[in-house]
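Chemist: For reference, the structure I am asking about is given below.
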Amino acid sequence: MAMQKIFAREILDSRGNPTVEVDLHTAKGRFRAAVPSGASTGIYEALELRDGDKSRYLGKGVLKAVEHINKTLGPALLEKKLSVVDQEKVDKFMIELDGTENKSKFGANAILGVSLAVCKAGAAEKGVPLYRHIADLAGNPDLVLPVPAFNVINGGSHAGNKLAMQEFMILPVGASSFREAMRIGAEVYHHLKGVIKGKYGKDATNVGDEGGFAPNILENNEALELLKTAIQAAGYPDKVVIGMDVAASEFYRNGKYDLDFKSPDDPSRHITGEKLGELYKSFIKNYPVVSIEDPFDQDDWKTWTSFLSGVNIQIVGDDLTVTNLKRIAQAVEKKACNCLLLKVNQIGSVTESIQACKLAQSNGWGVMVSHRSGETEDTFIADLVVGLCTGQIKTGAPCRSERLAKYNQLMRIEEALGDKAVFAGRKFRNPKAK
């Protein structure tokens, strides 16, 4: 079924920054998609086009990207008369029209907005739910509900505290369903609020960009201690494990790492990658840490590789791999990590996101689908994670509507699947393993 109209506009994301929203019309109706945006971005990500006009939104406007859709991409697609069910053809056409390696002509935010809307329209055209359409595009007969990784303590570039490491997450792997995982996550979150309030006072329970708490602590193991206490208090020590996103590229300084990077610079406190690796090993030993994302800088390949060989937990590449096929292939070859963080806006199209996921999975990696810190009410990634059967998703704390939008959609999907619903649980790293 052909597209009848494509219209883009500038809307605001959860941080009050502009982003792109696309409305695509077919005979079946109107399909709307909005594009997310990250705070700690990898240098190898596809280009997010911003206007740079300091008199509007401090330079962060996206009118250029919107205009590229309304004046160029949209009309070209309508003229081409491609069907919305041909996701790959549509994406390929836009990528070739852009003609750059990193989508810098039109902006990944322009191409992705259209790509997401086309995917939603394609599902409607086939008369199937979005998650089923995505599963078909990926060649998956199965559907899997993911374990949610709730980011409940925020540090790094997401928070105004001194904590260097960006995210401390809880994963309710012992739950029997996604709905139960939500309940467990929410209960631990509320207990954590009480623990933080009791220890640091009420103002320490203010939340960061992703709904997690941002108490003013400096020591990273103090955050882990808070999680451990909250998990015990909620009564789930056997059901909840811990994940971290260190986002180490944010505090990499001249070949070393600064765990107090928000204070005035002092090179004498910088530590080597090897020393940082030892710190992670102590975390794994003393706490139920099962997953660490971006433990080292995006170009510190050597440290990634030596660290991976010495641990048996999940090591996730985000800034390292940026959902990019070339970077993933490089990481596979160097044995740098064993899990891909999948962010649709890092690569900028649905087709390439599916390809990245399949490349990672075919090499025995896990895949974790992820939001960005600047989000919208769009729930596309909830359907994406089910269709791609990755078994794990991180989309913030059980707090803030732009985060809950995704989690609530996952509960609806589980409900719709009824007794066919499969929850990844403890098999979150490889949910397809029989």
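Here the Cβ of each residue, glycine as well, is placed from N, Cα and C on the backbone.
In case it's useful when we look at the structure, here is the feature table from Swiss-Prot:
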- Ala2: N-acetylalanine (MOD_RES)
- Thr72: phosphothreonine (MOD_RES)
- His158, Glu167, Glu293, Asp318, Ser370, His371, Arg372, Ser373, Lys394: substrate binding site (BINDING)
- Thr205: phosphothreonine (MOD_RES)
- Glu210: active site, proton donor (ACT_SITE)
- Thr229: phosphothreonine (MOD_RES)
- Asp245, Glu293, Asp318: Mg(2+) binding site (BINDING)
- Lys343: active site, proton acceptor (ACT_SITE)
Chemist: Sorted by position, what residues of the same chain at least six away from Thr229 (phosphothreonine) have a C-beta under 8 A from it?
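Modeler: When sequence neighbours closer than 6 are ignored, Thr229 (phosphothreonine) has Val195 within Cβ distance under 8 Å.
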Chemist: Thr205 (phosphothreonine) to His158 (substrate binding site): how many Å between their Cα atoms?
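Modeler: If we compare the Cα positions of Thr205 (phosphothreonine) and His158 (substrate binding site), the gap is 15 Å.
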Chemist: Cα within 10 Å of His158 (substrate binding site) is the criterion; apply it to the recorded positions Glu210, Asp245, Asp318 and give the hits in sequence order.
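Modeler: Those close enough are Glu210.
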Chemist: I need the CA-to-CA distance for Asp245 (Mg(2+) binding site) versus the residue listed as 'N-acetylalanine', whole Å please.
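Modeler: Distance (Cα to Cα, whole Å): 42 Å.
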Chemist: How big is the Cα-to-Cα gap, in Å, between Asp318 (Mg(2+) binding site) and the residue listed as 'active site, proton acceptor'?
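Modeler: Distance between the two Cα atoms comes out at 8 Å.
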Chemist: I want the residues beyond His158, Glu167, Glu293, Asp318, Ser370, His371, Arg372, Ser373, Lys394 whose C-beta is within 8 angstroms of the mean position of the substrate site's C-beta atoms, in chain order.
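Modeler: Residues close to the substrate site, other than His158, Glu167, Glu293, Asp318, Ser370, His371, Arg372, Ser373, Lys394: Gly38, Asn151, Gln166, Glu210, Asp245, Leu341, Lys343, Gly396.
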Chemist: DSSP on Thr229 (phosphothreonine), three-state: which is it?
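Modeler: For Thr229 (phosphothreonine) - judged by DSSP and reduced to three states - the answer is helix.
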Chemist: Could you measure between the residue listed as 'N-acetylalanine' and Glu210 (active site, proton donor) for me? Cα positions, answer in whole angstrom.
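Modeler: A Cα-Cα distance of 38 Å.
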Chemist: Rounded to the nearest angstrom, how far is the Cα of the residue listed as 'active site, proton donor' from the Cα of Lys394 (substrate binding site)?
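Modeler: The Cα atom of Lys394 (substrate binding site) is 10 Å away from the Cα atom of the residue listed as 'active site, proton donor'.
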Chemist: Hey, for the Mg(2+) site built from Asp245, Glu293, Asp318, who else sits with CB inside 8 A of the CB center?
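Modeler: For the Mg(2+) site, the extra neighbours are Gln166, Glu167, Met244, Val246, Ala247, Ile292, Asp294, Val316, Gly317, Asp319, Leu341, Ser370.
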Chemist: The residue listed as 'active site, proton acceptor': which of the recorded positions Thr72, Glu293, Ser370, Arg372 is the nearest Cα neighbour?
Modeler: Ser370
